[in-house]
Amino acid sequence: MPERYFITAIHTDSGKTLVSTIFAQALHADYWKPIQAGYPRDTDTVMPFLQNKKSRTHKEAYLLQAPMSPHAAARLEHVEIHPATILMPETDNTLIVEGAGGILAPISDEYFVIDIAKKFDLEVILVCNIYLGSINHSMLTINELKRRKLKVKGIVFNGPENLETEQFILKHSGYPCLLRIKPEKKITQEIINRYAIELLANLNLPSEKQG
Ligand SMILES: Nc1ncnc2c1ncn2[C@@H]1O[C@H](COP(=O)(O)OP(=O)(O)OP(=O)(O)O)[C@@H](O)[C@H]1O
Ligand SMILES: C[C@H](N)[C@H](N)CCCCCC(=O)O
Ligand SMILES: [Mg+2]
């Protein structure tokens, strides 16, 4: 069974698409954004950076026009999102699945983004940003992941280095740090490849699992 990861974060605009790109390029994995609200499509942002022979991207289950919470964007189009209607793309490759917003961003009146990870038994990768107040947002997210008994692979820190913040979150979550991403002037192929190499070293994968 190939590995399947769910990239989520403590907020929206946290760098999930960036982290998904780094993971997909590092692992030569496929990418899938099941629910997209607004443009540009995250898939179109990721695709040009997947410079390897194996990665491909998969079509969204729901592609909504408005850059809003998925439940609200869906309502505008008289669509109701239900996790049961979302089918896993057919692939034998490692799959990177990107959420929308944070774990409790609603996809309908009843369901949240994190229900997709639960439904497909995906291993969660949590992006924690670094800002004043991000310890609280990170711990709330981590507590909810634990309460819902999600499998968590680890944390990616995104933002200016703050070891005090990072160590607190790691100690209290018990999750490992998979990668640290600094604020970059521009996201280029070189930057994606550099973080992809760093990620592989941190994951310490045997070479046959590296795509
Ligand atoms: N470390 C970083 N350095 C420079 N730019 C960054 C960094 N992290 C994120 N960004 C930029 O911030 C913006 C938001 O990031 P991104 O699109 O990855 O967020 P997201 O969590 O995927 O949002 P959404 O919830 O809409 O899917 C993008 O333009 C991205 O390139
Ligand atoms: C449109 C935006 N960029 C994201 N894709 C969706 C963010 C949903 C946030 C919902 C919320 O928590 O209020
Ligand atoms: Mg995104």
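Using the three backbone atoms N, Cα and C, a Cβ is placed for every residue, glycine included.
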(message) Can you find which of GLU166, GLU184, GLU190 TrEMBL lists as binding ATP at the same site as ASP13, SER14, GLY15, LYS16, THR17, LEU18, GLU98, GLY99, ALA100, GLY101?
(response) GLU184
(request) Mind telling me which of the recorded positions LYS33, LYS54 has the densest Cβ neighbourhood, counting other Cβ atoms within 10 Å? (result) LYS33
(message) With the ATP site defined by the record as ASP13, SER14, GLY15, LYS16, THR17, LEU18, GLU98, GLY99, ALA100, GLY101, GLU184, how many Å span the farthest pair of C-alpha atoms?
(response) 23
(message) Please report the Cα separation of GLU184 (ATP binding site) and LYS33 (active site) in Å, rounded to an integer.
(response) 24
(request) Return the members of GLY15, LYS33, LYS54, ALA100 (the recorded positions) with CB less than 6 angstroms from at least one atom of ligand 2, or none. (result) ALA100
(request) Mind running the recorded positions LYS33, LYS54, GLU184 against ligand 1 and keeping the ones whose CB falls under 6 Å of it? (result) GLU184
(message) So if I draw a 10 Å sphere around the Cβ of THR17 (ATP binding site), how many other Cβ atoms end up inside it?
(response) 22
